[in-house]
Amino acid sequence: MMHWRLLYFIILLSTIIIKSNASFLYNTNDSSKTIFDCFDSYIIDTRDPYEHVSFRANHLIPYCRRPLSTDPINKIQGYIENTYTFKNLSLQGITSENLRQWSISIDIIEQYSIYLIKNKTEFDEFIFNNCSSLWFGSNCQYTFNLSMSIESFGDFVNSSFEARRDYLGEILIHTCYPHLSECYRGLEPMCLDWREICDGKIDCIGDKFGIDEEYCNELEINECKEDEYRCHNGAQCIPFEFFRDDHQSIDCLDGTDEAESFQVSGLTIIKDPTECISSMLFACEERACRQPHVFSCGDGSRSSLYPVFNLVNDNRDACFSTGRAAYYRQEIHKSAKRYPNDCYFLLFCKLGFYKILRNDTYNETDCSRANWSSIDCTLEYLSFPLEPIFNGYFQPLYSKQNLIKSDNDDGWPTYICTDTRLCLYLPKTTPPVNGLDCRPAPRYEYRGPSLSSRLRNNTEICALMGNINKYESNSSLFYCEKSDKYISKHRLVDGTQDCNYNEDENYTNSCSLNDTQRFNCTSETKCLSPIGIGYDKPKCKNDEDNKIDSQEIVVYSRLCNGLNSLGGELPPEDDGENDETNCEWWPCHTPYTRCDNIFQCANGIDELNCPNVNCSINEFKCQINYSSDNYYCVPQKYIYEKPIDCISHGLQRNVFYSNNLTFNINQEYISWKEKTCLTKNDICGYSSTNDQQLICNIVQKEDILLNSEFSIYLYGNETSCDIGQGGRRRVSYYFRTWNLGYLPPIINETSLASQQFTNIKPKKSLEINTSIELIEYCNRGIVIFEGKSYEKKCLCPPSYFGERCQWQNQRISLTLQIRPVGSHENKISIYDIFIYLIDNENQIIHNYEKINYMTSKDCNTKYNRYLLYPDQPKNINHTYSIRIDIYEKLTSKYYSSWYLFIPFPFLPVNRISTQIRIPSEKSQLSINCSIQCGTNGKCFKYFNSEQEFCHCDQGYSGRYCNITYNCSCSSDSICLNSSICLCPLNKFGSKCYLQYTTCQSNNNSCQNNGKCIPYNNHINYDDFICLCPESFTGSHCEYHSNKIDINFKIDSIPLSIIAHYIISYTDKRHERKTMFKKIPLDQYSIELFYTTPFNLLFIEISNNYYLTVIREESIRSEYISTNINQDYKCEYIDKLLNSTILNYKNLRRLKYYQLPCIENLKLKCFYDEKYMCVCDKSRYSNCFDFEHNMSYNCQGHSYCGDNGRCFQDNITCPSTSACICDKCYYGSKCQFNSIGFSTSLDVIFGYHIKPFISFTKQSSAVKITASITILMLIFSLINGLLSTLTFKSESLLKVGCGIYLLTNSIISILTITVFTIKYFQLIIFQMKSITNTSFIHFSCILTDVLLKILLSFGDWLYACVAMERTLAATQGIHFNQSKSKYIAKYVMPILLLLISISYIHDPISRRTIDDIDDEQRTWCILEYSTNIKKYDKFINIFHVLIPFIINILSAICITIQVFRIRVKTKKKSAYKKILFAQIKQNKHLLISSCILILLSIPRLIISFLSGCMDSIRNPWLYLIGYYISFIPPLLIIILFILPSKTYKQEFMSIIEKINFFSK
């Protein structure tokens, strides 16, 4: 049985044909009547070669059937190949993965997957159809009627629209905005385009006059933030970073963020006005008109006439891409048929209708034969057009008699009428006629200007005088007094006349508008509006604003290249210096004169060995008879030049070719090969004191220029050929690495030739030929055929709806650029980003889009997405906003949210362009939340706002998470809404029941432990991307990354470095990528991995640069080992040039930048405030722009502490961020410091312990300190036990001293024991052997404070002993032993309690923190406030200094007291002798006190140092001081027992007993 099933399965699969992308069809549910059967058009913008933009645009446009709810929808069947049931397929072992190769919608495939997983028997008999080739749909009802399959629907859409260019000027695309139903635009079929709402002119006439401009005054007074660009019409505020960021990326609804004309490679490019015929992208579809008062063509293009556009005239250049103007023009003329037939015929002939209406009832011949005396038109006056729309405002009124008298096509009106509401400022007239003001028409002039031109002045008055809406005085407005018009201040000096008397463009105080985004002209007192910067109007007097919008001018590479030698290529400076003056130090052969087909060097070495010459090495191409195909390859070594008499014959150079070895035997010729620098002296035969010049100048400087068609005489052949033909080749002025060489040398010389690069084949574009009838049928949609009768249906983008995509939709068009701040964790950053349209009242999600985002791949992407309102038209009683939720893809955990306000709800299209930055850490719960989220949600703040919201648990939604819903997602996914699922990494589908197959463990295409990530299911469900380990790169992680081992040969090893990689390109500006790397404490070298081949590597250490690697040509997968020493250091220019040169202005100073390399043979590089320069192999300088003042604040999202600077590896698209710490600070966030760390072993020694490494493999420093600690513990135990046994004697415990010393003996054991525990805890915690956070936290709080208390308690016990001895000495026989014993028993616990209380601030101020750096450490840190810090210093002084003072004073008092007694008993003895005897007898008291204080001084001094431990790399001095502070507990025997006869005698008896028992 199984064999038959297998055979059936094989036969079944063999019948399957891979269909277009039919499985990408979705939303085939019948439950939706208005949006169904969808395809996603997924398009990545392509760029022209000259567009070196830093990002790409990602468009996802769903094309669906979008009929009206009233349109009939019939179930039609197409061509079905097979019909199956779920049960039948299941029995044959067919999986959902197999079905993806069938012509079935993705919805059915997922439904089948659910059937298999959940074993839903009720779906056993579910019938579905496998369609015939190239048919698809739930009933196989659709086809594109193509002879080929479609791999990508986005490519199909692109090709379909590109095919429309074949019908430019012929095509008619007519769509209307239906949601302003009260608007009367004119006689049908004229209708309102959405772009005509708030366009500055009234298009809606009739009863609801001016409804299209209602509320539009709100746009004029709208203002933006300082870091935003205000789109010129005021409808948007976009990030200023979006302003002029890409000519093809239009972020403003009015398109004013990008220039209309711009310059590329010296050519001024003007945007193609018909470009939108072939594009459905946002740059066209979501763009209104740039200026007011112009005519919208309906596709993003517009008429070029401002402010007068006359639909009635035959303006053939208008709206070629849609035909809207021509269509309306014809319909306006056809509307005249409402007149009686003879009246219409009169207008047809006299006004030249026959030029417009080609297939009308009449023609031009009829007009020429007409008998006008018999015309039967009873109307005295005829108006045309029938509405006041001539020039946008007027309605000409024609006299029948005058028309009859006039020639054909030469009719002239008698009156010009206008609606008084349209033109309030025209002169007063007689009583209105039919509600219109009528004035005599301008006097007719034979062959004079047209009527439209004669009415231009009046048209401008109507358009530019007064306001449509009423304005009140506002600080954002400017009042044109003569024109009686309010305009936004942003319209001043913007190149567009907004006021009739031009007050706005003649405004003289534009620089006092407090607008930081205006351009300040240096040639005149004028500040241009941002819209006018560059090649657009207005302009500065000397066109200095042009440079702002031009490609960046590279200065250094244009210096002294001999081009435009009279005036130079660069504008001169104030001192007259240009790029071609003072070039005596500039060589002829540079990377920027090389191979430009101009012989800059006299012997042509700059044109030798050039690419694409088709000659061998060291050969010149020499053309014969001006033929590019007929040429010689002339070896340089056989070219000679004969010196000439320059005075008599001028510089007519004689150059010969001969391969005869005896040709120059007499040395009468100059060999081009042997003469490396050929000068004028050589050519003219002058004697030269310096045969080989230091600098070989270009030929222009010596007046020895070779002509562009220079001839070489072929000796022996008696012919000649020409070199240097064809004119100058275009040479890139971008930084080039030619002749820089290789540092260090290449290990494998063959590596250059054996580089492997992926050969990407260009995608072949689809060629689609569609008839104009099919294109026009669906307007801006895509035609599709339904059923066997091939009935035309339309797939509409979100911007249109209707059976023929004829209606314009209300919508939100969102452009979103997502930039990471950079994670301080080395983690894979993959996110699912959900964009919701929510109503503000209930927070219900009405529409959503999802973006799969990877920081490593998608940072340079602008996402363009649509959001549609739930109702058509949108409910005016509801307000909406956008919420963006981000989830970590690998963990499916919530990360953060953003809130976007939707302004101006009266606009038909809400265009929002913004940038969000993903923070380095996920959002935390909001404390003291102002809203109640109940038990089913959590309160958070939006990342970009102080506003709070409830993030609901699964199964709940709404503002307060009190609305329940049923979750239909798979069990391993997360429900975000009843219809929104967050899928795990390996799943997809609307309910997450479908599985990716490419990244399964048995099918992983990523090599070398690369992580396979499924990607981009809008084009191909099997696409994936490999996230490679640091040491590998490539699309499949198949290549080794460039590995660089750097050894430090400098005095001080830094804690971190900054690596600057420079990558040179031939067609664009060099790129700089920066990396921050910490250097482990136990290492004196560092490894760097870099995935992209590079040319230069600079290492920055403490603001010093070291040139570490040079690669003239970048090499993939290379291993490099190099050093950093003083020879590689880049010097600042001030050290290399004298003050005279340094004081020159920029251009002239740069001319001397060849000197440092020539004069300093060991110099590798140097720099100034703008450039970094490298010395090449010929000891010439090659300089490029280098930004030294990098921003260290992570774009305002720094997570570093106050003592650190936030560093990103890439300013634009950071993948990681790190903190560069100030002196004395350390940690991943610079949150720790080494200031006043007397009792902090963590700070001193923590970094020397390596995590996740066994003790035996730790550094020698760890092993040495561990050994010392163990020895101290052993010695402490011996010292403490012997001391305890000694002082335990009953005779010694009769007084308080014995009790104090006995207690101190026990305390000494405890102190060293706790110290040992502290040390080994630090070892174990930092090695990550114990990770229990509670235990680590308990240890952090207890251990350090216990050490402080025990040390201080020991010191105070010594002080108690000293005080009691003093009392005994002073009281003598009156000393009460029992009382001293009694006092001691009470003093010790009180003392211990007081000391503990004095240190209570320590455990309160301690906490543990996880330092998420490369080594993932956990630290015990101490954070004091300013006041507590002062108190801590005081208490440290008190506990060290007071016991010392008591000890020293006690010793002095005892000595003095005994001295007095002895003096009394020995009166005849010398005082001096007695004093010295007493000092000698009590010296142990003085010595012990001094020893104790000396051992405490290091701890005391370190506590009060204002400085810090500069480097935790070298902590030995501080470590020794720390260990010394624990020596006093080890010295009880030495300091107290051995100096005392009584104690010593007891101690010796203990020793004897120990010896006795040991024997």
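Backbone N, Cα and C define each Cβ position, glycine as well.
A TrEMBL annotation is a machine prediction, not a hand-curated record.
Looking at Cys952, Cys967, Cys969, the record from TrEMBL puts Cys961 in a disulfide bond with Cys952. A C-beta separation below 8 Å, combined with a sequence spacing of at least six in one chain, links Cys929 (disulfide bond) to Cys939, Glu948.
Same-chain residues at least 6 positions away in sequence with a Cβ under 8 Å from that of Cys1028 (disulfide bond) are, in sequence order, Cys1006, Asn1008, Gly1010, Gly1034, Cys1037, Ser1041, Thr1091. You'll find the Cα of Cys961 (disulfide bond) roughly 7 Å from the Cα of Cys950 (disulfide bond). In this structure, the CA atom of Cys933 (disulfide bond) is 8 Å away from the CA atom of Cys952 (disulfide bond). Of all the disulfide-bonded residues listed here (Cys933, Cys939, Cys952, Cys1037), it is Cys939 whose C-beta has the fewest other C-beta atoms within 10 angstroms. Sequence-distant residue pairs (6 or more apart) of the transmembrane segment (1264-1287) and the transmembrane segment (1336-1361) include fewer than 3 whose Cβ atoms are under 8 Å, leaving the two stretches without contact. Same-chain residues lying 6 or more positions outside the transmembrane segment (1382-1401) and placing a CB less than 8 Å from one of its CB atoms are 1296, 1299-1300, 1303, 1345, 1348-1349, 1352-1353, 1356-1357, 1360, 1364, 1424, 1428, 1431-1432, 1435, 1438-1439. Taken through DSSP, the domain 'EGF-like' (925-962) splits into 0 helix, 12 strand, 26 coil.
Sorting the domain 'EGF-like' (995-1038) by DSSP state (H, G, I as helix; E, B as strand; all else coil) yields 3 helix, 11 strand, 30 coil. This prediction places the mean pLDDT of the domain 'G-protein coupled receptors family 1 profile' (1278-1536) at 78. The 10 Å shell around the Cβ of Cys961 (disulfide bond) contains 22 further Cβ atoms across the protein chains shown.
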